[in-house]
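Chemist: Could you have a look at this structure, given as structure tokens, before my questions?
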Amino acid sequence: MKRQGKLLLSLFLITWVVFAVSLLINHGHNYIGKSFFGSDQFRINVENFKDQLGRYVLVPFDAEEAKKNIKVSQEEIEHHRNYYGTLTEQIENIRWQYSDRITEAEAQNDAELKKLLEEERDTKIADITENYNNDEHVEKKIRQQKEKIIDDYVANEKDSRNNFLNELSYFNYSLKNIETGEKFDSGEVNTSDIFKERFGDQKPYFNVDISMYLDPYGDDNGVALLEGVHVDEHAQFEGTISIPKSMLANTSFGADYQSFTITKVIFYIIWATGILALVGLLTIAKPSIEQFKGSNRAKGLYLKWPIDIRIVLTIISAFIAFGLSDIIGNEIRNNYVYYEMNNWISLIVEFLIYIVFMFVATIITIYCAFWTWESINSEEKLKKEFKAAFVYRLADGMQDLFLNRPIGLQSVAILVIAFLAGVGIVGATWEPDLAVLYIILFFFIALPAGIIFLRRMGYLNRIMKQTKDMAEGRLTSEIKVKGKGKSPFARHAANLNQLREGVRKSMSEQAKSERLKTELITNVSHDLRTPLTSIITYTDLLKNPNLTEEERNKYIDVLDKKSARLKTLIEDLFEVSKMASGNIEINKQRIDLTQLMQQAVGEHEEAFANANLEIRVTMPEEPLYAYVDGQKWWRVLDNLVVNALKYSLEGTRVYVTLNRVGAEAQIAVKNISKYEMSENVEELTERFKRADASRHTDGSGLGLAIAQSIVDLHNGRLKIDVDGDLFKVTVTVPAEY
């Protein structure tokens, strides 16, 4: 509890120090070592008095002198003559003005009225004609106009002078024109004055600016009031201006003076207590950084926000704290305290509320600043926080948005159109004249964009639904590709259809693989069990002591053949497994395939003859080279020839051909099968898969599987074709020159 109290004391002292410093920065220059009479507020009053004193008392406007010096230029005469047009135009205009009235008088038989109107018309025409014939006539008119302007100005100045003498009568002055020696006095200047300003005697003179009388653009009629008078623009005076202390209550700024004094005292108290708070903070409270780190629920919630959001929150809370201190300072300065003293209870309550809110904002700022700094005080933490920042993720999201540029541009366009549509509604509401333009833009831009957006979203929902079906294994129907596949969504739908087809094929291959795996286990079990059963049986027979030597040798011969058969099966299975896994070395060399083919066929010619099969070999006369592993490739050829030997119908021919097709060497083996062939020829290259489904022959079912693996390792192709009982194997491999 004591620790919490010390922490609260530290926070309050920090708040008060910050408050005092804020007021010192914002208002110290106006109050420290300053008096009310040196303030800007008072100087405005003094300068206003000096301006009016010079204008209405020291250098008043001389109307008679101004009238004597009125000048009329030839340019003004011409301007006056042609102001309403040429002479002819003005005469026609006058005649037109009176024509209807004279006609009306004639209709009423009012001869006297008609005569008066005609005389009035003729007088005006004569005056206009005189304007064009006599410059002096025009000059007289212009002079009268200028005198009227001067008279109006003098009347206004007289009213303003009376107001000045009534409102600023609390000023005393004793001034002398340094040029003419003329003196101007009002009241007495003595030592009891609360304000006094001296002019001259090594101080600047009191200057009265009379340029306003000389400005030809100083009035609406463009007439200079002191036209033609050659005077200096400044009249200079020496002497004193003062305000007696006894007149303070009668001044317009008496209340301001009292308010300034009270405000100054309050500011000095705040600054003094701010110094005491700083001393107490350093000597009594002695806060440490560890006090502000803490570990509580608020900190946990705060640290969940991205770093840039936390920094913004810290800055906002700091601005609120300084803003509240500035509000308090401004209300104190703006005479708030003085003028509201009659309602001091509500004033104190309001100030306390401001202080409490400022205290809370300062506490939030302090904790946010410490917690933010704690989360980025190392390079590793800074990098981690930077990558989790809102702006960073927003920029990353914008990059993701434009991975597909059309979608990015369309999304931005939709957002801009939606925003402008909203702004347009507000604009059309405020300015009805814009409603027609807004309706046109709405129907031709916003509405079509909205329809396109809704259609695209509907299409996207369909794509998402069918994608979900695909993920759950329902591959019943493909996604419809709209718009000839040109839009991003349509292209995505096409890609998903391709993926769907791939998944469907993969599932089919998986089912096929499971089936072949089951068959493989069955076939391996059968092919291994047959020789193994024979070995076990004949081993038991050999245990009979009554066997003759001939029977014993016969059984041993059978055991030898079955053991060799079992060994061959195991070695073939091991070899095809290594090839399928790629765990085998290939020693490629430049080999003559023609010679290799001759050897492979030659080794089995006698076996073909014994099996009542005729073999026909077609090979090029010149060597046909390929870059292959000789041993492995001989195994391919041998397996193909042996496969034809085992499964060909007796009394038929077996065709073996080797030739060059383009840049490749092609080997083909054709025969008539003695067994009915399955339509799924691809399964014949699987391990232990045999055309003899009843497994009456002694083949291992690995020949074509081994050949397929070796061909794949040489970047070649092995293709099987079945047409009824016609069986054809074609092997293609890159040839060398």
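Note that Cβ sites are derived from N, Cα and C of the backbone, with glycine treated the same way.
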Chemist: I'm validating the feature mapping. Which of 305-324, 385-404 is tagged transmembrane segment in TrEMBL?
Modeler: 305-324
Chemist: Under 8 Å between C-beta atoms and at least six residues away from its ends: which parts of the chain pack against the transmembrane segment (265-284)?
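Modeler: Residues 9-10, 13-14, 16-17, 19-21, 23-24, 27-28, 31, 329, 332, 337.
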Chemist: Take the domain 'HAMP' (454-508) and count its residues per DSSP category (helix H/G/I, strand E/B, coil), listing them in that order.
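Modeler: Tallied per class, the domain 'HAMP' (454-508) gives 42 helix, 0 strand, 13 coil.
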